[in-house]
């Protein structure tokens, strides 16, 4: 059905209206609508995470340089080394890039903590508008910033955009075929790769970072267009076929205590039901927290300390390459659900923690002889993180009832954000400790 009409008729914008469950449609889901929806969710994933990734890619530059006079950005493509701790054996900024990470994640954490309690009462369209406006505001504020403090305010706007968007769109997947989850995950991985690569490529090519950030204003507009004009109205879905067989073979996360029914949203779940569902989700939430804690401790705590002086890349360029390779790994693994499915995500958490331990030892002893070995490890780190994300949400979608799925997807969003927040809090004192070593 048409995009505008679909938006006006969207079931989700009238969540407070109780309607009788409609009959299930035939198993042959309309191919045109299916492709519009999966492409819509891919674009939503891409656009939702784009500003978040760009801010992390620019973290080293944001903390290294203030805006110069005139119309030039405070971030230079190849900045001279300033405000570093010259007494340390590391090439350190005075403030860890974890500060940007915290500005980019703490607002998201607050949003995700509060979302299961009341965000579902707000229709979806206003949430999407808030997300798009905040994303655009983040690019504008950082582009025209004269100080680190103002830039961090722009980073906070990017965090609000990403947090509201992720909770909104993952909850929205409950009303569409389960295939949209893998497409959403692939889109978020694509945001990482395209965001990091675009910032790296445009600044390396000599484009003013101010103009680079302003050129990205088309991304929030694309997100709004994808939601309002590309997605079709959600309809009751019949798992059917392979998905039905796979679901029936799984152990449900919680025992169903209510008669079989499929309400249009989870807004009528009691607090007791929400707590019961959340406890069942811990089997998947805890491993994902560990995965994201380890990888973002590496990314924002160790990346700037993994500095090789015997290469043609300066410190800022090395940091950008690290971010780009990590995001490339995330994109590949978040797009791999159709090829490889992992139920026991604890294995991924263990491997990522081993990754952290190995790189932490290298920061201390500097035994890796080449930056290219670090490149490979960072690519592998991204593969683990992306696989953990997509498989966690896929497993939750399979193992929760239709009645609980919308709430479960929104509640599980806290996993990555909590892990990232903890890593940022611990990376700050580690940075200060290591950078004061003579």
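In case you wondered, yes, glycine gets a Cβ from its N, Cα and C as well.
Pulled from Swiss-Prot:
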REGION    1-29  region 'Disordered'
MOD_RES   14  phosphoserine
TRANSMEM  38-58  transmembrane segment
TOPO_DOM  59-127  topological domain 'Lumenal'
REGION    68-89  region 'Disordered'
CARBOHYD  71  N-linked glycosylation site
CARBOHYD  85  N-linked glycosylation site
TRANSMEM  128-148  transmembrane segment
TRANSMEM  152-172  transmembrane segment
TOPO_DOM  173-182  topological domain 'Lumenal'
TRANSMEM  183-203  transmembrane segment
REGION    236-267  region 'Disordered'
TRANSMEM  278-298  transmembrane segment
TOPO_DOM  299-346  topological domain 'Lumenal'
CARBOHYD  310  N-linked glycosylation site
TRANSMEM  347-367  transmembrane segment
MOTIF     409-419  motif 'Lysosomal targeting motif'
MOD_RES   435  cysteine methyl ester
LIPID     435  S-farnesyl cysteine
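Remote same-chain residues near the transmembrane segment (152-172) are listed as 12, 41, 44-45, 47-49, 51-52, 54-55, 62, 99-100, 103-112, 115, 119-120, 124, 127-128, 130-135, 137-142, 145, 184, 220, 223, 234, 393, 406-407, 409-410, 412-413, 417 (criterion: CB distance under 8 Å, separation of at least six residues from the stretch ends). Per DSSP, the topological domain 'Lumenal' (173-182) is made up of 7 helix, 0 strand, 3 coil. Nonlocal intrachain contacts for the transmembrane segment (38-58), taken as residues 6+ away from its ends with a CB within less than 8 angstroms of a stretch CB, comprise 75, 100-101, 104, 131, 135, 138-139, 142, 154-155, 158-159, 161-162, 165-166, 169, 173, 176, 179-181, 183-192, 194-196, 198-200, 209, 213, 216, 219-220, 222-223, 226-227, 230-231, 299-300, 320, 323-324, 327. The local packing around residue 435 (cysteine methyl ester), expressed as other Cβ atoms within 10 Å of its Cβ over all shown chains, amounts to 21. In this structure, the CA atom of residue 310 (N-linked glycosylation site) is 20 Å away from the CA atom of residue 435 (cysteine methyl ester).
The motif 'Lysosomal targeting motif' (409-419) scores a mean pLDDT of 85 in the predicted structure. Residue counts for the motif 'Lysosomal targeting motif' (409-419) by DSSP state, with H, G and I taken as helix and E and B as strand, are 10 helix, 0 strand, 1 coil.
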